[in-house]
Amino acid sequence: AACLGMFESCDPNNDKCCPNRECNRKHKWCKYKLW
């Protein structure tokens with residue numbers, strides 16, 4: 001399966017976001033990992 005891009009909805013407990021992105025627990029979408 002393809003990874004999730006920016007602002008795609010995601011599950012924080014099963015993070016499928018693309019590399020250098022993380023699932024935001026508050027908004028439930030993928031965002032850039034700043035650190």
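Cβ atoms are placed via backbone N, Cα and C, with glycine included.
Copied over from Swiss-Prot, here are the features:
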| type | residues | note |
| --- | --- | --- |
| DISULFID | CYS3-CYS18 | disulfide bond |
| DISULFID | CYS10-CYS23 | disulfide bond |
| DISULFID | CYS17-CYS30 | disulfide bond |
Which residues in the same chain, at least 6 apart in sequence, have a Cβ under 8 Å from the Cβ of CYS23 (disulfide bond)? LEU4, CYS10, ASP11, PRO12, ASP15, LYS16, CYS17, TRP29, CYS30
Counting across all protein chains shown, how many other Cβ atoms sit within 10 Å of the Cβ of CYS18 (disulfide bond)? 13
Secondary structure at CYS17 (disulfide bond) (DSSP, helix/strand/coil)? strand
Quick check on the disulfide-bonded residues: of CYS3, CYS10, CYS17, whose CB has the lowest count of neighbouring CB atoms inside 10 Å? CYS3
Specify the count of other C-beta atoms within 10 Å of the C-beta of CYS30 (disulfide bond). 22
